[in-house]
Amino acid sequence: MDGLEDGPLDASTATSQKPQRQVRLKLTSRHEDIALPESTGPILVPTGLRRYALSTLVNNLLESEKPIPFEFLINGTYLRTSIDEYLTANGISAETTLDVEYVRALVPPLHVASFLHDDWVSAVDVLSDTSIAGSKSRVNAGQERILSASYDGLLRMWNMSSETIALSPAAREGGHTASVKCARMVSPSQIISSGLDRTVRLWKYTESEDGFSASITPQLELYGHKGSVDSISMHAQSHRILSASADHSVGFWSTRKSENPAAPESLLPSNTSRSSKRRKLNSSVSVPQRGPLALFKSHTAPVSAAIFDAKDPTVGYSTSWDHSLRTWDLVTGTLVDTRTASHSLLSVSHMPELSLLASGTSARHITLIDPRASATTVSALTLRGHTNAVVCLARDPDSTYGLISGSHDGTCRIWDVRSTRTDKDGVMGESIYSIPRKSVGGAGKRVGGEGVKVFDVCWDKSVGIVSSGEDKMIQINRGEGVLPNGGSDR
């Protein structure tokens with residue numbers, strides 16, 4: 001069984017029910033290990049065939065020892081009906097030879113584990129052999145680490161046995177003085193975080209030789225924002241950080257203390273009256289303090305996210321509650337372009353192979369935006385399915401077309417941007433899987449995601465889909481090859 005809805009149907013069954021039209025299919029795959037010989041020509045099949053029968057046909061042609069469940073794309077769209085229904089719906093003649101791409105069928109991501117915290121979990125990241133932070137070093141299987149940030153003001157490092165092996169210092173020992181909103185691994189030995197205390201912080205991460213214990217030590221405090229710093233991103237090779245703040249600005253920083261200017265005196269804890277008590281508690285810890293390389297002030301509402309271009313670290317993108325996505329030249333600090341959507345933009349992820357930016361909105365959908373100046377429309381595609389704000393996004397590490405989103409509706413949804421339909425509002429995408437919070441149990445969905453809002457999500461090839469939220473949980477889901485790869489070799 002391959003878990004998809006349509007049942008067994010072969011050519012003989014289809015043709016015995018009633019006379020069928022026939023159509024020629026040119027079957028191709030982008031994967032050499034499952035590709036048919038180049039000499040394979042168009043194949044004449046009944047138009048009544050559905051996915052299951054086509055999958056059986058391809059397996060027979062491949063002479064597979066063990067059947068492989070396949071999905072089929074025609075003109076970039078997954079076949080979800082019979083071929084006949086597809087032809088009728090799209091006004092295509094059965095005399096046409098259809099180019100049909102086949103890919104391995106999707107595998108549902110199953111729940112693997114949940115890690116309980118003391119408070120809401122605002123952010124998660126992964127250190128593994130396949131993560132960006134771990135790509136330059138060797139992280140053995142089973143030695144992966146999960147970083148979490150919480151509303152209790154602390155960072156935690158977890159092993160894969162759900163044990164906390166490191167905890168960041170409390171405020172009086174150089175830690176955050178309010179809730180942490182975001183945290184990311186820079187490398188196996190460095191962490192960055194930001195939060196409601198208006199700071200961006202760098203930490204040194206050190207593990208014992210046996211890996212059973214570790215430490216998170218403050219290295220650098222970065223001051224410049226006048227509001228909560230809700231999102232940060234990192235480009236390790238250039239040692240640069242981008243931050244998104246509720247003060248309407250985007251911060252640009254260096255992880256190197258010597259490259260940052262002095263911190264603005266007016267923003268230091270010692271010069272803010274409301275922080276005097278906290279400063280006394282911190283008096284025993286001395287952490288270097290620096291300011292930003294630049295603050296970009298063009299947005300007219302809180303900035304929700306800021307990221308580097310995945311292929312060019314001199315370009316940055318930011319999204320905001322002011323409905324705009326802005327493109328920045330990080331070398332000159334100038335605003336290059338502004339794209340204005342219909343709703344507040346709350347999250348962003350780059351899909352460079354498609355020249356698109358995915359942005360989650362307050363209107364419960366994801367809009368795919370082409371940031372290039374030559375683009376004639378703002379939204380190239382809309383992904384619908386969530387029932388509350390979409391606050392976090394992550395790319396599928398294996399597929400050019402894959403994306404996962406996290407929402408305040410209490411679910412994560414997996415998307416393949418090739419899975420689309422056209423209606424009166426244009427081209428729409430529909431999610432392939434919805435991942436509920438395990439903490440809900442058998443109670444089903446909660447209205448508006450009450451108590452189980454998702455705050456962050458990370459998709460790692462080794463560990464799986466790691467999400468966090470209002471239920472005080474890190475949740476790990478895994479499905480081998482959740483999406484078929486469509487643009488690069490694994």
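Positions of Cβ are set from backbone N, Cα and C atoms, glycine also.
Database features (Swiss-Prot):
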REGION    1-22  region 'Disordered'
REGION    23-104  region 'Ubiquitin-like (UBL) domain'
REPEAT    116-168  repeat 'WD 1'
REPEAT    175-213  repeat 'WD 2'
REPEAT    224-263  repeat 'WD 3'
REGION    255-286  region 'Disordered'
REPEAT    298-338  repeat 'WD 4'
REPEAT    340-379  repeat 'WD 5'
REPEAT    385-425  repeat 'WD 6'
REPEAT    449-487  repeat 'WD 7'
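In the predicted model, the repeat 'WD 4' (298-338) shows an average pLDDT of 98. Note on the repeat 'WD 2' (175-213): residues 122-127, 131-134, 136-137, 139, 143, 145, 147-155, 157, 159, 165-166, 168-169, 219-223, 225-234, 236, 241, 243, 245, 251, 253, 255, 267, 269, 275, 278, 282, 456 of its chain, located 6 or more positions outside it, place their CB under 8 angstroms from a CB of the stretch.
Listed as Cβ neighbours of the repeat 'WD 6' (385-425) (distance under 8 Å, sequence separation of 6 or more from its ends, same chain) are residues 73, 76-78, 106, 109, 130, 346-351, 353-354, 356, 358-362, 364-366, 368, 431-437, 440, 445-446, 448-461, 465, 467, 469, 477, 481-488, 490.
Across the range of the repeat 'WD 6' (385-425), the DSSP-based residue counts are 0 helix, 22 strand, 19 coil.
Secondary structure of the repeat 'WD 5' (340-379) per DSSP (helix as H, G, I; strand as E, B; remaining residues coil): 3 helix, 19 strand, 18 coil. Here the repeat 'WD 3' (224-263) is broken down by DSSP into helix, strand and coil counts: 3 helix, 19 strand, 18 coil.
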